[in-house]
Amino acid sequence: MAAHQMDSITYSNNVTQQYIQPQSLQDISAVEDEIQNKIEAARQESKQLHAQINKAKHKIQDASLFQMANKVTSLTKNKINLKPNIVLKGHNNKISDFRWSRDSKRILSASQDGFMLIWDSASGLKQNAIPLDSQWVLSCAISPSSTLVASAGLNNNCTIYRVSKENRVAQNVASIFKGHTCYISDIEFTDNAHILTASGDMTCALWDIPKAKRVREYSDHLGDVLALAIPEEPNSENSSNTFASCGSDGYTYIWDSRSPSAVQSFYVNDSDINALRFFKDGMSIVAGSDNGAINMYDLRSDCSIATFSLFRGYEERTPTPTYMAANMEYNTAQSPQTLKSTSSSYLDNQGVVSLDFSASGRLMYSCYTDIGCVVWDVLKGEIVGKLEGHGGRVTGVRSSPDGLAVCTGSWDSTMKIWSPGYQ
(Lines of atoms letter the chains of each structure in order from A and count residues from 1; the text may use other names and numbers.)
(Lines give C-alpha, C1' and ligand atoms only; values in the text may rest on other atoms or scores of the structure.)
Protein backbone atom coordinates (compact mmCIF):
# COMPACT_ATOMS: atom_id res chain seq x y z
CA MET A 1 0.00 0.00 0.00
CA ALA A 2 2.83 2.38 0.95
CA ALA A 3 4.66 1.67 -2.31
CA HIS A 4 1.48 2.29 -4.26
CA GLN A 5 1.00 5.64 -2.51
CA MET A 6 4.60 6.61 -3.24
CA ASP A 7 4.10 5.77 -6.91
CA SER A 8 0.93 7.89 -6.97
CA ILE A 9 2.69 10.85 -5.37
CA THR A 10 5.61 10.56 -7.79
CA TYR A 11 3.22 10.42 -10.75
CA SER A 12 1.31 13.43 -9.41
CA ASN A 13 4.50 15.45 -9.00
CA ASN A 14 5.60 14.56 -12.51
CA VAL A 15 2.25 15.68 -13.93
CA THR A 16 2.35 18.91 -11.91
CA GLN A 17 5.87 19.67 -13.09
CA GLN A 18 4.79 18.98 -16.65
CA TYR A 19 2.13 21.68 -16.47
CA ILE A 20 4.28 24.32 -14.82
CA GLN A 21 7.36 23.99 -16.98
CA PRO A 22 8.78 27.41 -17.97
CA GLN A 23 8.36 26.48 -21.61
CA SER A 24 4.63 25.94 -21.04
CA LEU A 25 4.32 29.34 -19.37
CA GLN A 26 6.11 30.93 -22.29
CA ASP A 27 3.71 29.21 -24.68
CA ILE A 28 0.73 30.55 -22.74
CA SER A 29 2.20 34.05 -22.78
CA ALA A 30 2.82 33.78 -26.51
CA VAL A 31 -0.79 32.72 -27.12
CA GLU A 32 -2.06 35.65 -25.04
CA ASP A 33 0.13 38.07 -26.99
CA GLU A 34 -1.11 36.59 -30.25
CA ILE A 35 -4.74 37.04 -29.18
CA GLN A 36 -4.11 40.66 -28.17
CA ASN A 37 -2.39 41.33 -31.49
CA LYS A 38 -5.37 39.87 -33.36
CA ILE A 39 -7.77 42.03 -31.33
CA GLU A 40 -5.72 45.15 -32.07
CA ALA A 41 -5.57 44.26 -35.77
CA ALA A 42 -9.35 43.79 -35.79
CA ARG A 43 -9.75 47.19 -34.12
CA GLN A 44 -7.66 48.93 -36.74
CA GLU A 45 -9.39 47.17 -39.64
CA SER A 46 -12.79 48.02 -38.17
CA LYS A 47 -11.83 51.69 -37.82
CA GLN A 48 -10.64 51.83 -41.43
CA LEU A 49 -13.86 50.27 -42.70
CA HIS A 50 -15.98 52.64 -40.63
CA ALA A 51 -13.96 55.59 -41.93
CA GLN A 52 -14.77 54.55 -45.50
CA ILE A 53 -18.45 54.12 -44.63
CA ASN A 54 -18.60 57.52 -42.90
CA LYS A 55 -16.92 59.15 -45.88
CA ALA A 56 -19.57 57.72 -48.20
CA LYS A 57 -22.36 58.81 -45.85
CA HIS A 58 -20.94 62.32 -45.60
CA LYS A 59 -21.14 62.75 -49.37
CA ILE A 60 -24.92 62.26 -49.38
CA GLN A 61 -25.70 63.99 -46.06
CA ASP A 62 -27.44 67.21 -47.02
CA ALA A 63 -27.79 68.92 -43.62
CA SER A 64 -26.96 68.81 -39.92
CA LEU A 65 -29.18 69.45 -36.90
CA PHE A 66 -27.73 72.92 -36.37
CA GLN A 67 -28.27 73.88 -40.02
CA MET A 68 -31.90 72.78 -39.91
CA ALA A 69 -32.44 74.76 -36.68
CA ASN A 70 -30.66 77.86 -37.96
CA LYS A 71 -33.79 80.04 -37.76
CA VAL A 72 -34.81 78.83 -34.30
CA THR A 73 -34.39 81.48 -31.61
CA SER A 74 -31.59 80.82 -29.15
CA LEU A 75 -32.35 80.30 -25.49
CA THR A 76 -31.10 82.86 -22.98
CA LYS A 77 -29.66 82.50 -19.50
CA ASN A 78 -32.87 83.65 -17.83
CA LYS A 79 -34.73 80.68 -19.30
CA ILE A 80 -32.69 78.21 -17.24
CA ASN A 81 -34.13 78.71 -13.78
CA LEU A 82 -33.40 75.38 -12.12
CA LYS A 83 -32.80 75.65 -8.37
CA PRO A 84 -31.50 72.97 -5.94
CA ASN A 85 -34.67 72.62 -3.88
CA ILE A 86 -33.70 69.39 -2.06
CA VAL A 87 -30.30 68.13 -0.93
CA LEU A 88 -30.13 64.39 -0.23
CA LYS A 89 -27.68 63.72 2.61
CA GLY A 90 -27.05 60.30 4.11
CA HIS A 91 -24.13 58.64 2.37
CA ASN A 92 -20.65 58.76 3.88
CA ASN A 93 -18.65 58.35 0.69
CA LYS A 94 -18.71 59.14 -3.02
CA ILE A 95 -21.96 58.66 -4.94
CA SER A 96 -21.17 55.99 -7.52
CA ASP A 97 -24.52 55.96 -9.32
CA PHE A 98 -28.20 56.82 -8.89
CA ARG A 99 -31.49 56.24 -10.73
CA TRP A 100 -35.03 57.61 -10.75
CA SER A 101 -37.88 55.18 -10.39
CA ARG A 102 -40.20 54.88 -13.39
CA ASP A 103 -42.94 56.89 -11.59
CA SER A 104 -40.45 59.61 -10.49
CA LYS A 105 -41.46 59.17 -6.83
CA ARG A 106 -38.19 57.58 -5.69
CA ILE A 107 -34.46 57.84 -6.26
CA LEU A 108 -32.07 54.94 -5.77
CA SER A 109 -28.47 55.82 -4.94
CA ALA A 110 -25.36 53.67 -4.53
CA SER A 111 -22.25 54.77 -2.71
CA GLN A 112 -18.82 53.45 -1.87
CA ASP A 113 -19.85 53.54 1.79
CA GLY A 114 -21.36 50.09 1.15
CA PHE A 115 -25.05 51.06 1.03
CA MET A 116 -27.80 51.69 -1.46
CA LEU A 117 -30.46 54.14 -0.29
CA ILE A 118 -33.98 54.68 -1.62
CA TRP A 119 -35.21 58.25 -1.23
CA ASP A 120 -38.61 59.93 -1.42
CA SER A 121 -38.00 62.46 -4.19
CA ALA A 122 -40.70 64.85 -2.92
CA SER A 123 -39.58 65.10 0.71
CA GLY A 124 -35.94 64.02 0.50
CA LEU A 125 -36.47 61.43 3.25
CA LYS A 126 -34.90 57.98 3.19
CA GLN A 127 -37.28 55.06 2.67
CA ASN A 128 -34.90 52.08 2.60
CA ALA A 129 -31.26 51.28 3.30
CA ILE A 130 -29.78 48.22 1.61
CA PRO A 131 -26.35 46.94 2.73
CA LEU A 132 -24.34 45.88 -0.31
CA ASP A 133 -22.47 42.61 -0.70
CA SER A 134 -19.52 44.67 -1.99
CA GLN A 135 -18.77 48.32 -1.30
CA TRP A 136 -16.88 48.64 -4.60
CA VAL A 137 -20.07 49.44 -6.49
CA LEU A 138 -19.99 51.15 -9.90
CA SER A 139 -23.64 51.03 -10.96
CA CYS A 140 -27.15 50.55 -9.63
CA ALA A 141 -30.62 50.15 -11.14
CA ILE A 142 -34.25 50.02 -10.05
CA SER A 143 -36.92 47.89 -11.73
CA PRO A 144 -39.96 49.48 -13.43
CA SER A 145 -42.22 48.30 -10.58
CA SER A 146 -39.70 49.54 -7.95
CA THR A 147 -39.87 46.15 -6.20
CA LEU A 148 -36.32 45.15 -7.18
CA VAL A 149 -33.01 47.00 -7.14
CA ALA A 150 -29.60 45.91 -8.36
CA SER A 151 -25.95 46.74 -7.84
CA ALA A 152 -22.75 45.78 -9.65
CA GLY A 153 -19.12 46.75 -9.66
CA LEU A 154 -15.56 45.60 -9.18
CA ASN A 155 -16.49 42.17 -7.79
CA ASN A 156 -17.64 41.14 -11.31
CA ASN A 157 -21.13 40.21 -10.01
CA CYS A 158 -24.59 41.71 -10.41
CA THR A 159 -26.71 41.36 -7.27
CA ILE A 160 -30.51 41.67 -7.27
CA TYR A 161 -32.24 42.76 -4.04
CA ARG A 162 -35.91 42.75 -3.09
CA VAL A 163 -37.19 46.02 -1.66
CA SER A 164 -38.83 45.36 1.70
CA LYS A 165 -41.76 47.48 2.89
CA GLU A 166 -41.63 46.08 6.42
CA ASN A 167 -37.91 46.00 7.25
CA ARG A 168 -36.49 49.32 6.05
CA VAL A 169 -32.87 48.29 6.63
CA ALA A 170 -32.43 44.87 5.05
CA GLN A 171 -30.38 42.92 2.54
CA ASN A 172 -32.94 40.69 0.82
CA VAL A 173 -30.86 39.14 -1.95
CA ALA A 174 -32.97 37.65 -4.74
CA SER A 175 -30.18 36.58 -7.11
CA ILE A 176 -26.46 36.97 -7.69
CA PHE A 177 -25.45 36.77 -11.35
CA LYS A 178 -21.91 35.53 -11.91
CA GLY A 179 -20.28 35.02 -15.27
CA HIS A 180 -18.42 38.18 -16.21
CA THR A 181 -14.65 37.86 -15.93
CA CYS A 182 -14.04 41.57 -15.31
CA TYR A 183 -15.71 44.50 -13.56
CA ILE A 184 -19.33 45.41 -14.37
CA SER A 185 -19.51 49.05 -15.42
CA ASP A 186 -23.25 49.55 -15.94
CA ILE A 187 -26.59 47.79 -15.47
CA GLU A 188 -30.14 48.44 -16.69
CA PHE A 189 -33.47 46.73 -16.04
CA THR A 190 -35.26 46.11 -19.33
CA ASP A 191 -38.41 45.01 -17.49
CA ASN A 192 -39.29 43.47 -14.13
CA ALA A 193 -37.88 40.09 -15.15
CA HIS A 194 -34.68 40.94 -17.05
CA ILE A 195 -31.55 42.98 -16.50
CA LEU A 196 -28.67 43.97 -18.77
CA THR A 197 -25.04 44.17 -17.66
CA ALA A 198 -22.01 45.76 -19.33
CA SER A 199 -18.53 44.61 -18.41
CA GLY A 200 -14.84 45.25 -18.80
CA ASP A 201 -14.56 41.78 -20.33
CA MET A 202 -15.81 43.35 -23.61
CA THR A 203 -19.30 41.82 -23.38
CA CYS A 204 -22.84 42.70 -22.42
CA ALA A 205 -25.23 40.11 -21.03
CA LEU A 206 -28.98 39.71 -20.57
CA TRP A 207 -30.11 37.89 -17.42
CA ASP A 208 -33.44 36.28 -16.55
CA ILE A 209 -34.20 37.18 -12.92
CA PRO A 210 -36.93 34.59 -12.11
CA LYS A 211 -34.87 31.78 -13.67
CA ALA A 212 -31.60 33.16 -12.25
CA LYS A 213 -29.60 32.53 -15.42
CA ARG A 214 -27.96 34.29 -18.33
CA VAL A 215 -30.14 34.43 -21.42
CA ARG A 216 -27.78 35.89 -24.01
CA GLU A 217 -24.33 37.42 -24.44
CA TYR A 218 -23.41 40.31 -26.75
CA SER A 219 -19.76 40.44 -27.76
CA ASP A 220 -19.15 42.80 -30.69
CA HIS A 221 -17.05 45.25 -28.67
CA LEU A 222 -13.25 45.10 -28.88
CA GLY A 223 -12.67 46.97 -25.62
CA ASP A 224 -14.19 47.47 -22.18
CA VAL A 225 -17.94 48.14 -22.36
CA LEU A 226 -18.43 51.30 -20.28
CA ALA A 227 -22.12 52.26 -20.50
CA LEU A 228 -25.59 51.09 -21.50
CA ALA A 229 -28.73 52.92 -22.57
CA ILE A 230 -32.31 51.86 -23.20
CA PRO A 231 -35.11 53.95 -24.75
CA GLU A 232 -37.42 55.50 -22.18
CA GLU A 233 -40.88 54.02 -21.69
CA PRO A 234 -42.20 56.24 -18.86
CA ASN A 235 -45.79 55.00 -18.93
CA SER A 236 -45.09 51.30 -19.14
CA GLU A 237 -43.41 48.62 -17.06
CA ASN A 238 -42.31 46.95 -20.29
CA SER A 239 -39.62 48.22 -22.63
CA SER A 240 -38.67 47.61 -26.23
CA ASN A 241 -36.04 45.08 -27.24
CA THR A 242 -33.64 47.86 -28.21
CA PHE A 243 -30.62 48.87 -26.18
CA ALA A 244 -27.28 50.55 -26.83
CA SER A 245 -23.75 50.13 -25.52
CA CYS A 246 -20.48 52.03 -25.79
CA GLY A 247 -16.93 51.33 -24.77
CA SER A 248 -13.21 51.99 -24.76
CA ASP A 249 -12.95 50.83 -28.38
CA GLY A 250 -14.59 54.09 -29.48
CA TYR A 251 -17.79 52.46 -30.75
CA THR A 252 -21.47 52.77 -29.97
CA TYR A 253 -23.57 49.72 -30.84
CA ILE A 254 -27.34 49.44 -31.18
CA TRP A 255 -28.74 46.02 -30.31
CA ASP A 256 -31.91 44.00 -30.58
CA SER A 257 -31.80 42.03 -27.33
CA ARG A 258 -33.15 38.95 -29.16
CA SER A 259 -30.09 38.82 -31.43
CA PRO A 260 -26.47 38.21 -30.35
CA SER A 261 -25.11 40.60 -33.00
CA ALA A 262 -25.47 44.37 -33.14
CA VAL A 263 -27.98 45.75 -35.64
CA GLN A 264 -26.26 49.13 -36.00
CA SER A 265 -22.89 50.63 -35.12
CA PHE A 266 -21.29 54.07 -34.98
CA TYR A 267 -17.59 54.78 -34.71
CA VAL A 268 -17.36 57.85 -32.49
CA ASN A 269 -13.63 58.56 -32.01
CA ASP A 270 -10.42 57.14 -30.56
CA SER A 271 -11.32 58.08 -26.98
CA ASP A 272 -13.19 56.04 -24.40
CA ILE A 273 -16.95 56.51 -24.75
CA ASN A 274 -18.15 56.96 -21.17
CA ALA A 275 -21.74 58.16 -21.42
CA LEU A 276 -24.72 57.19 -23.55
CA ARG A 277 -28.33 58.30 -23.66
CA PHE A 278 -31.27 57.90 -26.06
CA PHE A 279 -33.15 61.00 -27.12
CA LYS A 280 -36.70 61.20 -25.82
CA ASP A 281 -38.27 59.79 -28.99
CA GLY A 282 -35.85 56.85 -29.07
CA MET A 283 -34.83 57.67 -32.64
CA SER A 284 -31.54 59.39 -31.81
CA ILE A 285 -28.72 58.75 -29.37
CA VAL A 286 -25.90 60.82 -27.89
CA ALA A 287 -22.48 59.51 -26.90
CA GLY A 288 -20.06 61.40 -24.66
CA SER A 289 -16.35 60.65 -24.77
CA ASP A 290 -13.12 61.25 -22.89
CA ASN A 291 -12.04 63.96 -25.33
CA GLY A 292 -14.98 66.15 -24.28
CA ALA A 293 -17.04 65.73 -27.45
CA ILE A 294 -20.70 64.73 -27.47
CA ASN A 295 -21.93 63.20 -30.72
CA MET A 296 -25.58 62.80 -31.67
CA TYR A 297 -26.59 60.05 -34.11
CA ASP A 298 -29.89 59.57 -35.89
CA LEU A 299 -30.81 55.89 -36.09
CA ARG A 300 -33.01 56.38 -39.16
CA SER A 301 -30.44 58.20 -41.30
CA ASP A 302 -27.64 56.08 -39.80
CA CYS A 303 -25.24 58.99 -39.38
CA SER A 304 -24.03 61.74 -37.06
CA ILE A 305 -26.25 64.82 -37.09
CA ALA A 306 -24.56 67.00 -34.45
CA THR A 307 -21.42 67.37 -32.36
CA PHE A 308 -21.43 69.34 -29.13
CA SER A 309 -17.99 70.77 -28.36
CA LEU A 310 -17.06 72.93 -25.38
CA PHE A 311 -15.10 75.24 -27.69
CA ARG A 312 -18.07 75.72 -29.99
CA GLY A 313 -20.47 76.00 -27.07
CA TYR A 314 -18.59 78.94 -25.61
CA GLU A 315 -17.73 80.67 -28.85
CA GLU A 316 -21.24 80.56 -30.29
CA ARG A 317 -22.52 82.59 -27.32
CA THR A 318 -20.23 85.62 -27.92
CA PRO A 319 -22.95 88.07 -29.11
CA THR A 320 -24.94 87.32 -25.94
CA PRO A 321 -23.86 86.56 -22.34
CA THR A 322 -21.79 83.43 -22.04
CA TYR A 323 -20.07 81.21 -19.47
CA MET A 324 -16.28 81.29 -19.30
CA ALA A 325 -14.66 77.89 -19.18
CA ALA A 326 -11.97 78.88 -16.68
CA ASN A 327 -14.35 79.54 -13.81
CA MET A 328 -17.80 79.13 -15.41
CA GLU A 329 -18.78 82.67 -14.34
CA TYR A 330 -21.35 84.69 -16.27
CA ASN A 331 -19.53 87.19 -18.48
CA THR A 332 -20.26 89.38 -21.50
CA ALA A 333 -16.93 91.05 -22.23
CA GLN A 334 -14.63 88.52 -23.82
CA SER A 335 -14.30 87.78 -27.51
CA PRO A 336 -14.20 84.29 -29.06
CA GLN A 337 -10.43 84.52 -29.57
CA THR A 338 -9.85 85.49 -25.92
CA LEU A 339 -12.06 82.68 -24.70
CA LYS A 340 -10.28 80.19 -26.90
CA SER A 341 -6.80 81.28 -25.83
CA THR A 342 -7.56 81.34 -22.10
CA SER A 343 -9.44 78.07 -21.91
CA SER A 344 -8.02 75.71 -24.55
CA SER A 345 -5.72 73.75 -22.24
CA TYR A 346 -8.44 73.59 -19.59
CA LEU A 347 -11.06 72.29 -22.01
CA ASP A 348 -8.72 69.66 -23.46
CA ASN A 349 -8.97 67.60 -20.26
CA GLN A 350 -12.73 67.69 -19.80
CA GLY A 351 -14.11 64.21 -20.43
CA VAL A 352 -17.86 63.59 -20.50
CA VAL A 353 -19.01 61.38 -17.61
CA SER A 354 -22.82 61.60 -17.77
CA LEU A 355 -25.63 62.76 -20.08
CA ASP A 356 -29.39 63.26 -20.05
CA PHE A 357 -32.16 65.29 -21.70
CA SER A 358 -34.98 67.46 -20.44
CA ALA A 359 -38.55 66.21 -20.96
CA SER A 360 -38.97 68.27 -24.13
CA GLY A 361 -35.56 67.31 -25.46
CA ARG A 362 -34.58 70.97 -26.01
CA LEU A 363 -32.04 70.89 -23.17
CA MET A 364 -29.20 68.44 -22.68
CA TYR A 365 -27.42 68.07 -19.35
CA SER A 366 -23.81 66.93 -19.53
CA CYS A 367 -21.32 66.34 -16.71
CA TYR A 368 -17.64 66.94 -17.35
CA THR A 369 -14.63 65.82 -15.33
CA ASP A 370 -13.93 69.15 -13.61
CA ILE A 371 -16.39 71.69 -15.02
CA GLY A 372 -19.46 70.03 -13.53
CA CYS A 373 -22.94 69.87 -15.05
CA VAL A 374 -23.41 72.05 -18.12
CA VAL A 375 -26.76 72.75 -19.81
CA TRP A 376 -26.88 72.75 -23.62
CA ASP A 377 -29.42 74.08 -26.08
CA VAL A 378 -29.73 70.97 -28.27
CA LEU A 379 -30.98 72.77 -31.37
CA LYS A 380 -28.32 75.48 -31.38
CA GLY A 381 -25.33 73.67 -29.87
CA GLU A 382 -24.88 76.46 -27.33
CA ILE A 383 -24.22 76.37 -23.59
CA VAL A 384 -27.07 78.14 -21.79
CA GLY A 385 -26.42 77.35 -18.13
CA LYS A 386 -24.71 75.33 -15.45
CA LEU A 387 -25.94 73.49 -12.35
CA GLU A 388 -23.61 74.62 -9.57
CA GLY A 389 -23.47 73.95 -5.85
CA HIS A 390 -21.73 70.64 -5.20
CA GLY A 391 -18.57 70.59 -3.12
CA GLY A 392 -16.93 67.83 -5.15
CA ARG A 393 -16.79 66.39 -8.65
CA VAL A 394 -20.24 65.92 -10.21
CA THR A 395 -20.42 62.30 -11.32
CA GLY A 396 -23.91 62.02 -12.75
CA VAL A 397 -27.05 63.79 -13.92
CA ARG A 398 -30.51 62.34 -14.55
CA SER A 399 -33.81 64.04 -15.30
CA SER A 400 -36.95 62.55 -13.80
CA PRO A 401 -39.22 60.56 -16.13
CA ASP A 402 -42.08 63.02 -15.51
CA GLY A 403 -39.81 65.90 -16.52
CA LEU A 404 -40.38 67.94 -13.36
CA ALA A 405 -36.91 67.68 -11.82
CA VAL A 406 -33.24 66.94 -12.42
CA CYS A 407 -30.95 65.09 -10.01
CA THR A 408 -27.17 65.41 -9.77
CA GLY A 409 -24.78 63.24 -7.73
CA SER A 410 -21.31 64.09 -6.52
CA TRP A 411 -18.13 62.94 -4.84
CA ASP A 412 -19.17 65.20 -1.93
CA SER A 413 -21.50 62.29 -0.92
CA THR A 414 -24.67 64.28 -1.62
CA MET A 415 -27.27 64.52 -4.36
CA LYS A 416 -29.28 67.57 -5.33
CA ILE A 417 -32.77 67.66 -6.82
CA TRP A 418 -33.21 70.64 -9.12
CA SER A 419 -36.59 72.03 -10.13
CA PRO A 420 -37.83 75.31 -11.66
CA GLY A 421 -37.54 78.22 -9.23
CA TYR A 422 -40.67 80.16 -10.08
CA GLN A 423 -41.07 83.59 -8.47
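Note that Cβ sites are derived from N, Cα and C of the backbone, with glycine treated the same way.
Long-range contacts of the repeat 'WD 1' (90-120) within the same chain: residues 126-132, 135-142, 144-146, 149, 151, 153, 161, 163, 234, 237, 392, 395-396, 398-402, 404-405, 407, 409-411, 413-415, 417, each at least 6 residues beyond the stretch ends and with a Cβ under 8 Å from a Cβ of the stretch. Among the features that Swiss-Prot reports, repeat 'WD 1' is placed at 90-120.
According to Swiss-Prot, the feature repeat 'WD 2' maps to 132-162. Same-chain residues lying 6+ beyond the ends of the repeat 'WD 2' (132-162) with a Cβ under 8 Å from its Cβ atoms: 96-103, 106, 108-116, 118, 171-178, 180-189, 191-192, 195, 197, 199, 207, 209, 236-239.
The repeat 'WD 3' feature in Swiss-Prot is assigned to 179-208. Counting residues 6+ beyond its ends, the repeat 'WD 3' (179-208) has Cβ neighbours under 8 Å at 138-145, 147-148, 150-154, 156-158, 160, 214-219, 221-230, 237-239, 243, 245, 247, 255, 257 in the same chain.
Sorting the repeat 'WD 4' (220-256) by DSSP state (H, G, I as helix; E, B as strand; all else coil) yields 0 helix, 17 strand, 20 coil. Residues or ranges marked as repeat 'WD 4' by Swiss-Prot: 220-256.
Residues 65, 223-224, 226-232, 240, 242, 244-248, 250-252, 254, 304-310, 347-348, 350-357, 359-361, 364, 366-368, 376, 378 of the same chain sit 6 or more residues outside the repeat 'WD 5' (268-298) yet have a Cβ under 8 Å from a Cβ within it. According to Swiss-Prot, the repeat 'WD 5' annotation covers 268-298.
Sequence annotations record features per position, and here Swiss-Prot assigns repeat 'WD 6' to 348-377. Each residue in the repeat 'WD 6' (348-377) gets a DSSP state, and the totals come to 1 helix, 18 strand, 11 coil.
The repeat 'WD 7' feature in Swiss-Prot is assigned to 389-419. In terms of DSSP helix, strand and coil, the repeat 'WD 7' (389-419) has 0 helix, 17 strand, 14 coil.
Mapped onto DSSP classes, the repeat 'WD 3' (179-208) shows 0 helix, 19 strand, 11 coil.
Outside the repeat 'WD 7' (389-419), and at least 6 residues removed from its termini, the chain residues within Cβ reach (under 8 Å) are 82-89, 91-100, 102-104, 107, 109, 111, 113, 119, 121, 124, 232, 234, 353-360, 365-367, 369-370, 372-373. Sequence-remote contacts of a segment are chain residues at least 6 beyond its ends whose Cβ falls under 8 Å from one of its Cβ atoms, and for the repeat 'WD 6' (348-377) they are 74-75, 80, 82, 271-272, 274-277, 279-281, 286, 288-294, 308, 310, 313, 323, 325, 328, 383-388, 390, 393-399, 402-404, 406, 408. The repeat 'WD 5' (268-298): residue composition by secondary structure is 0 helix, 17 strand, 14 coil, according to DSSP.
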